[in-house]
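For reference, the structure discussed in these notes is given below.
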Amino acid sequence: MYFISLYFISLFLYGLNCIQKTVLSGFLIVLLWCLLIASRDIFYGQDMVMYYHIFLDSNYYKLDELGLNYLNDFISFFSNDFFFFSIVYAVIINFLLLYLLKLCDRENYILLFIFFTSYFIFYQLNFNIYRQGLAIIISLLGLLLYSKNRLFLLLLFVAILFHKAAILTLVFFILSFIKFRRYYCLIGLFISLIPIPDNIYIFLAEVVGEYIPILKQSLTEYIRVVRVGVIGAASLDQKNIPIIISLLFIYFSKVKINKLQENIFIVYVWGVIFASIFKGNVIIYDRVLLYSQILFPYVLFFILKNIFPSKNKVLYVSLASVQVLITVLIWGPRNFLPDYLFYMF
């Protein structure tokens, strides 16, 4: 219930922000979430439990990418304390997320962040897929900030140091030079709904691994675990249905978009297309779809703003309020989000 309570506290602070027009409330909202996340029990979460063991001993588990080890070395220079480790991790990813949302919408980024806290991906980023989430957020910042600048390549390099999945951003970078067409949404919708034979995605994965060597080992392993039956295909998961439906709304939208929005939709729509091609392997599917999932709160707000211009915020908050209950009370216990346990200071 702590997550639900903080969500509604965040809404209250946002309401005050609308009255007083101060940036401090946005900072306070993110900081409160960071404090709650960092106050968790040492064994609460999924991959983050392993990351703390890696923080204490880099030999605990050898990562292919060195970015997390560099970050851990920096943090441990000041302290090895669990809370300090947790608060630094939380501050980095959540304030970068806030900045990404601010790039998407400078007027409503605080509301977008509050919606994000109702979304299951928020908890995935903070408790499970931290490395990949951080890598994708950094690479998206590079793409949206410096799509015509060499600094993009620098940020992409930093992102890949945390997770090699960020290299897909290079494909989106190339696609950003091609004008976004709304019929791409129909392609994404079609591919997401039809079955893709295993031999197609396996062939494509092998080709990608051949031409991008840093992905070869991971892709080979992902294919192997499917063949031996350890994992299966990605189903039409109800939590991703809104993303698929949103493609239709983008297609029928007649609103002109600027270059920044065009880049956002390129990543969002092509992210669905690429993920759907590899849906025969749930690991690859989830890793690729994360791009679209991170951008979904903005895309949903864009859709509501264009369909219901006078009521978009009310509808957005209403959807988020229902979503946070579903995420915390239904999705959470079935996954890695049980009743919250606090760290014993």
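For all residues, glycine too, the Cβ spot is worked out from N, Cα and C.
What TrEMBL records for 6-38, 82-101, 107-122, 129-146, 152-176, 183-205, 264-284, 290-307, 314-332 is transmembrane segment.
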> Okay, the transmembrane segment (183-205) and the transmembrane segment (129-146): do they have at least three CB pairs under 8 Å, pairs separated by 6 or more?
Replying inline: no
> Taking a Cβ cut-off under 8 Å, which residues six or more beyond the ends of the transmembrane segment (107-122) line up next to it in the same chain?
Replying inline: 3, 6-7, 10-11, 14, 17, 25-26, 29-30, 33, 97-98, 101, 133, 239, 290, 293-294, 296-298, 300-301, 313, 316-317, 319-321, 323-324, 327, 331-332, 335
> Given the transmembrane segment (152-176), which of the listed stretches 6-38, 264-284, 290-307, 314-332 has the most Cβ pairs that are under 8 Å apart from it?
Replying inline: 264-284
> Which residues, given as numbers and ranges, are at least 6 beyond the ends of the transmembrane segment (264-284) yet have a Cβ under 8 Å from it?
Replying inline: 104, 140, 143-144, 168-169, 171-172, 175-176, 178, 180, 184-185, 187-188, 191-192, 196-198, 200-202, 204-205, 219, 222-223, 225-226, 231-234, 243-244, 247, 250, 257, 290-292, 295-296, 298-299
> So which residues does the transmembrane segment (314-332) touch in its own chain, when a touch means Cβ under 8 Å and the partner is 6 or more beyond its ends?
Replying inline: 1, 3-4, 7-8, 11, 111, 114-115, 117-120, 123, 239, 300-301, 304, 308, 338
